[in-house]
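Chemist: Quick one: the structure is below, and I'll ask about it shortly.
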């Protein structure tokens, strides 16, 4: 039997998609396939697509068309495959297989069938699979960072969101399964673990009958990983036990990613998030009171159907009042198969874009003030890269999550994928700058200061 084909992957979309990519690569590598980082040289290219909003679909389509024009054999996976399976197979004869969001664990069988001349469609109507610690992973992040999925799918039905249609209802892994994988990652030298799902604060509700994030955090506190970061915390799910677990578990960073989406009760009601409008202020105040050093990231949608200037002004005042550390702003994207697609009045795209730009301008002085407060402090920094031309080190402090927040640019020497003390010397809107301070090298996995 000849050599097995080489396979490359083009990863698009979110961290959840990244984990799917890593599991597919892990399964293929385990089965003896060679993983090639060069798409031009690989026999097959898996394109793990995103379909969350129009912009993401356009990026996925561009990637697919470029590969098709290069006459590559394409395996399409991910959310766009789940969403537009028939259209993709019809429009792209170069697509030799299409794999749904609940079927990526079959990738070895898919490739084998393709090798035998079959054009494969492996898509479950309702995704139900979630990978556990027994499914191999070929990690694509830097050595010191790993994402850890605690649950898949979503039981909520926000009016703008197509995710439940693409990834199914929530299904949680057991605490034991998650902790076992965390230990595996610790053994690989991971310094930062990022917990993800659609709604991390709802973790365990489907499996145990009640949310179990607080218990999970305390168990992860026993694993030798210096930083544990929480993403996708639904604001109304931040209960007192969860806040206490964050405060009392040394390796859990006081960093919360809270996708609030809006502040005005009427818009939140239209978004089908009505309960949130009554608790936004109180939740944020409660977090800051319980965890004064908390770093808060949030995202907002502007231009949602029916959003008036009054609604937008409410959001601007909300951002000014609470002074979030990091803010992301998206313009509304009308997605078919969501209630918001048919809602009226739709906000003109130019007005939505203008509101986005204005809200980002409002946030900028807040962001730079937060960063300038770090000047003079010695903070822990996870060193992830080195500029080969200048020798400058690049990393992140606990204030910064990968890809969405800023970076710390460091003068001095330190090994990659280690956490070292860095004295911050100056700051700009998004990033910090400093120099290594290796005389002060204790307990930096435990605090933000």
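Cβ coordinates come from backbone N, Cα and C, glycine included.
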Chemist: Just to be sure I read the record right: 14, 50 are listed as binding [4Fe-4S] cluster 1 in Swiss-Prot. Which of 79, 154 is listed for the same site?
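Modeler: Given 14, 50 bind [4Fe-4S] cluster 1 in Swiss-Prot, the matching entry from 79, 154 is 79.
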Chemist: Rounded to the nearest Å, what's the C-alpha distance separating residue 161 ([4Fe-4S] cluster 2 binding site) and residue 50 ([4Fe-4S] cluster 1 binding site)? Just drop the number here, would you?
Modeler: 13
Chemist: Determine, to the nearest whole angstrom, how far the Cα atom of residue 154 ([4Fe-4S] cluster 2 binding site) is from the Cα atom of residue 79 ([4Fe-4S] cluster 1 binding site).
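Modeler: Distance (Cα to Cα, whole Å): 14 Å.
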Chemist: Could you give the Cα-Cα distance between residue 158 ([4Fe-4S] cluster 2 binding site) and residue 79 ([4Fe-4S] cluster 1 binding site), in whole Å?
Modeler: 18
Chemist: How many other Cβ atoms sit within 10 Å of the Cβ of residue 79 ([4Fe-4S] cluster 1 binding site)?
Modeler: 28
Chemist: Run through the Cβ atoms and count how many others sit within 10 Å of the one on residue 50 ([4Fe-4S] cluster 1 binding site).
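Modeler: Within a 10 Å radius of the Cβ of residue 50 ([4Fe-4S] cluster 1 binding site) lie 21 other Cβ atoms.
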